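J.: Just dropping this structure here.
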Amino acid sequence: MPSDAPSSLASTRNIGIMAHIDAGKTTTTERILFYTGVNYKIGEVHEGGATMDWMEQEQERGITITSAATTCIWRDHTINIIDTPGHVDFTVEVERSLRVLDGAVAVFDAVAGVEPQSETVWKQADRYNVPRIAFVNKMDRVGAEFHRCVDMMVERLDATPAVIQLPWGVESDFRGVIDLIRMKGLLWKSEDKGASYEVVDIPRDHLEAAQEWRDKLLETVAENDDELMELYLEGEEPSEEQLMAGLRRGTLASKINPVLCGSAFKNKGVQPMLDAVVDFLPNPLDIGATIGHSVSDEDAEVRREPSEDEPFSALAFKIMSDPYVGKLTYIRVYSGRLTGGSPVLNSTKDRKERIGRILQMHANHREDRDGVGAGQIVAVVGLKNTTTGDTLCDPNAPVILESMTFPAPVIHVAIEPKTKADQQKLGTAIQRLAEEDPTFQVRTDEETGQTIIAGMGELHLDVLVDRMRREYGVEANVGKPQVAYRETIRRKVEKVDYTHKKQTGGSGQYARVIINLEPSGGDGGGYEFENKVTGGRIPREYIPSVDAGCQEAMEFGVLAGYPLVDVKVTLLDGQYHDVDSSELAFKIAGSMAFKDAARKADPVLLEPLMAVEVTTPEDHMGDVIGDLNSRRGQIQAMEERGGSRIVRAQVPLSEMFGYVGDLRSKTSGRASYSMQFDSYAEVPGNVAKEIIAKARGE
């Protein structure tokens, strides 16, 4: 951080910039860095020169893959910005950055409006209760419609937009914005790349609309703020300060979302958006105490106030490998103060760690810091055992902060090294990448011995394989993408009795267990284990072994060897032998009892369903719908948007491979689509038979 940076909590903002792919998010961040004086040359995404997109693949693909954290100063406030990816395959990046942010700027495309990934990200932000302002970008583009975008925020996001700016002109005539708080026009100058703008009176032909929208603004804010409601009912006009204060209170309470507009690419509207970040988004003090729990008791609540006088606590939200300094762990400090070289406790794993260096990150260059206090986001070097979602804290005042939830992968491929020399490197690369990305999973196929990598989509795995090649020099052959099917059960089976016995001279093995198995009604990741054994029929030290055996059996289902999910095991009874019983014997008994029970419990196959949205010209509508139906798709909605037709459907992932090429040829390249994981559902009988036969090699 620059040495003159204000460090007080009240003047700190930790924000994310979130949006759909291509809404102009990275360009917006670049402009922020330019106007706050961090960059001297503006980087353009389509030239591959954006500061935030610093990985090679991002510069080639023009999309943001990892959320880089950058610090800048505006109006004597420190703004820590996390640039998040908008592509659905990288949802994990958005999820983890929202957990550590205090506020966010949602960037929308004025032409496309609220797109599917915008909805996903908005709902993620709702879940973490992150206050947001909205920036309607690309106002200079043909087909830009500000008001339709605002309407879509209401319809699709269930938001309460408080419009504080109107566009001045539209498309190629877009010149600036009309500020409804100050009732002034703002015009940008092109000669200094939009670094300065003129404040002018609102032109006559815009005055009526401005007055009408200002009245709407006052009404929206008053409806969500008691203080302004009183003024409103008395017919009094609030002062600029009162209106700003009401907007801030409403935004912090997540009741309203101030909406601004502009064109980041054309350098218009970025500074007022930065003003809105400072004026309306929360500082760490507004967010208040972070709630965690005691290390010894999950139900015992522990509070950590955002103050440097409190004991140190922080959350590790991202791991990255840096070619120069090694493993970087990004942390958000919630309380206390951290200095370089100090010992900390990783309370999640109960391991002591030592902080080496503390680094303030600017997209891809870094600055050493001696220490860092509550409310800041930095990267630290020297942590050996810390992974995403772990809590770091003062060893004398342990606490575990709320972690993050990550979706399970939906697609997997087999990967093998091209040469013997690549074998070792592949292992290292996979281990490092799995450390960085919790949604990237690795396992070995027991039958074929192949290494299987799994992720959130084809692009996700492409990028990971690409990184193996570039960063670790691994040349690998990658198989065809396979769908991550799962299995579950449909009915309860009771008192399944299994005895594991092996008594052939010497010490034998003996364990008997009796279990119930039933569906747990979860949504894809559920497993419950309940122990109802009484009277010491199975000694207490063997109970975890039965649980472990059941969990091991779940990894390979009874139908086709896919993981079994959403089950509850109840251990009812059993027997042990003084000499021959062991942890291993009970683990095997648990595993075999589970498999027996699963076979009897009406097992079924589950497949991932994707929410697909296709944008197509009207004359290709029939072809698109026919094609989706042929892929076992269920059409859920159709609507018109700016001369195009939108088809929303739910389609099994297994039917979507190669869809991009088929859609192109059916619509002469005029249609586009986006898809994201929706849910798991039962595979129809005839299709399931084929999948099971294939998995069994029949």
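Our numbering is plain: 1 for the first residue shown, then up by one each step along the chain.
Cβ atoms are placed via backbone N, Cα and C, with glycine included.
The following feature annotations were taken from Swiss-Prot:
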DOMAIN    10-285  domain 'tr-type G'
BINDING   19-26, 83-87, 137-140  GTP binding site
J.: What number of additional C-beta atoms lies within 10 angstroms of the C-beta atom of Ala19 (GTP binding site)?
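T.: Looking across every protein chain shown, the total is 29.
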J.: Would you mind listing, in sequence order, the residues at least six apart from Met139 (GTP binding site) in the same chain with a Cβ closer than 8 Å to its Cβ?
T.: Ala110, Phe146, Pro167, Val170, Phe174, Cys261, Gly262, Ser263, Lys268, Gly269
J.: Using DSSP reduced to three states, classify Ala19 (GTP binding site) as helix, strand or coil.
T.: strand
